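Here is what TrEMBL records for this protein:
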type: COMPBIAS; residues: 343-352; note: compositional bias 'Polar residues'
type: COMPBIAS; residues: 355-395; note: compositional bias 'Basic and acidic residues'
type: DOMAIN; residues: 533-691; note: domain 'Katanin p80 subunit C-terminal'
type: REGION; residues: 323-414; note: region 'Disordered'
type: REGION; residues: 461-489; note: region 'Disordered'
type: REPEAT; residues: 19-61; note: repeat 'WD'
type: REPEAT; residues: 62-103; note: repeat 'WD'
type: REPEAT; residues: 104-145; note: repeat 'WD'
type: REPEAT; residues: 146-187; note: repeat 'WD'
type: REPEAT; residues: 188-229; note: repeat 'WD'
Amino acid sequence: MTSMAAASTTKVSWRLQEFEAHSSSVFCLALAKSSGRLLATGGEDCRVNIWAVSKANCIMSLTGHKNPVECVQFNMSEEQVVAGSQSGSIRVWDLEAAKILRTLVGHKANITGLGFHPFGDFLASSSMDTNIKLWDVRRKGYVFRYKGHTQAVRSLAFSPDGKWLASASEDCTVKLWDLTQGKTITEFKSHTAAVNIVQFHPNEYLLASGSSDRTIKLWDLEKFTLIGSLEGDTTPVRCTLFSPDGSCLYSGATDSLRVFGWEPDRCFDVVPVGWGKVSDLAVCNQQLIGVSHQLSSVSSYVVDLKRVKKSGVSVLQGIIKDNQPLTEPKDPKASALRRNYERPTTTCGSQRVKQRTDADRRSPEGERRSPSEDEAEEKLSSAEIHNAEDYKEIFQPKNAISRTPPKISEPFPAPPEDESVLAIGRQTKDIIPPFPDKQQLPPLATSTPVQRVEPTVVSCVKRPGPSSPGPVSSAVPPAQPPIATAKTKPQPKIIPIIRNEPIGLNVADFLPSSHNHRPGALSDEEALSQIKKGHDTMCVMLSSRHKNLETIRAVWSREDIKSALDMAVSMNDLSIVVDILNIINLQPTLWKLDICTVILPQIDKLLQSKYESYMQTGCTSLKLIMKHFWVLISDTLKATPSVGVDISREERHQKCRMCCKQLKNLSNVVKNKAEQVGRHGSTFRELQLLMVPLDDS
């Protein structure tokens, strides 16, 4: 049996939490990129709220905006946050001092993008008015205005050396601006739809842009040429993130994460993640954090990068673990000859950026407000600290003398592989299965401060994998749900559907104590507490499961069975998949080839589950596929190629090839299981006979 420590890391992705972030709709959010452990949200209620990732309690609430907040961003050191509103006003907050630092006025329409300069006190902003402005946070009024886009700018990014600014726009272009000259260096025009995100490579002269045309383009910043077009997303690219060492690119689209390499272009892995329309990504402790928002709630998700695959087989050792070059073929000339950014040793001085003329500074669009008006408005702004302990831990002053080494933050814990019962241990409010129990929460949720990284540090502090088996198993509380005990005991290896006593309930607890001299059973209260052990947890788990099934039912009625199955699979909860399969197994007429391609990978998990009920459901589905679809799959693969282009035939052929490959893998699993003695063995032997034609194909 695998230990609990090993079992707790078998999931590739999971939902960390879901919480109500604002009293009305959430319009924007941003993760702190250096630590990956801070989150800012802006909403229709005109507030900016600051959170620690994995906690559902707001640390600070920043008020002062008179219009809904539509854009937020942290600076590199995570000491400041900037927020832009619907009216075009911008506010910069000092999080350590818990006060407003500056109000910046000048844009005529909604703020669409914000970015802090990597070293200096400069800030870039973009707006629906198509203008980009560069501000010096230390004083009022913008330093420079960049004009050229014909539609709204959606994203801004400074180069790592602080010399350039890139902007992505709805006009399908990406522009590169020279900050010192105040003019366009070049314009990239290959996208065919709005460009949503732009990001510089952390080291090399490379720029990535993600678009609603479902592609990511990579641009060489020496030759200003397109060197790669990464495709594969079936939905618009919403956010991108280079790995800290720059060896791969993560792409966030609706309900999936893709891992790309370039030169040559290739997709290492596709990870289904149920994060919906993901809005931002960050890397923390070999884990990728993704956040999304819907109405007034915010959800956070974790992808374990140690388990992300390369070419569908091996772990991405080169990228995540050893920081070694990829084993895939790579153009040595491109990587060796491409320049790296030169980072200055001192902070960026104001003289490096071209200043406005006095006439421009006095222009109506610049500062027209009197100092007294600004002071009055800034007095109305406040920072309400809701959680004093967290605030002190995270935003403690830098000059405080630390006599002990800082604690290094732990990775966010993974839920168990098979059942979400193990995962339920927190308050009902915060639970969306699968979710870690209280005993397995990271130090962030107890005493460890969020580790903020200085601007010169590129990557997060890396930590080893999960903790050793000892502490994990000892952390299991006595009132753990029944299946938890089954995890720690070597038997039973397979949990039968029909059993005489609940798994994990100790009958000896109800017998007279042998230590006690006078014979006597437990008191009624003690006996009742033993009987009710895990009851509340089970109720929470079942109600959450019911909620997920309601979601799937709504998708089924609104769209089709294929969409419902995709949704069930993306929830990463086998119990949900089993529930759906138990329904459609009774109606073979509902099945199509598309459904087989979705279900076959899940059957592999079900056949290897320790729960007999899961095995039976998997076996039933596999029998159904073999009886109704094997002839079609076999005939399609054996058929001679048709003359001319037949797209539908090609698609069908590809699906059949995929199904055949998965069925052959399952055939090996079935052969191994058929050697078992008893009822399970006979079920698998029956399946083995049914799958004999696979050996001849």
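Note: Cβ is positioned from N, Cα and C throughout, glycine not excepted.
Curation does not apply to TrEMBL; its annotations are automatic.
Sorting the repeat 'WD' (104-145) by DSSP state (H, G, I as helix; E, B as strand; all else coil) yields 0 helix, 22 strand, 20 coil. Helix, strand and coil residue tallies for the repeat 'WD' (62-103), in that order: 0 helix, 24 strand, 18 coil [DSSP]. For the repeat 'WD' (146-187), the number of residues in each DSSP class (helix H, G, I; strand E, B; coil) is 0 helix, 23 strand, 19 coil.
As a summary of secondary structure, the repeat 'WD' (19-61) carries 0 helix, 21 strand, 22 coil according to DSSP. Sorting the repeat 'WD' (188-229) by DSSP state (H, G, I as helix; E, B as strand; all else coil) yields 0 helix, 25 strand, 17 coil. Per-residue pLDDT, averaged over the repeat 'WD' (62-103), rounds to 89.
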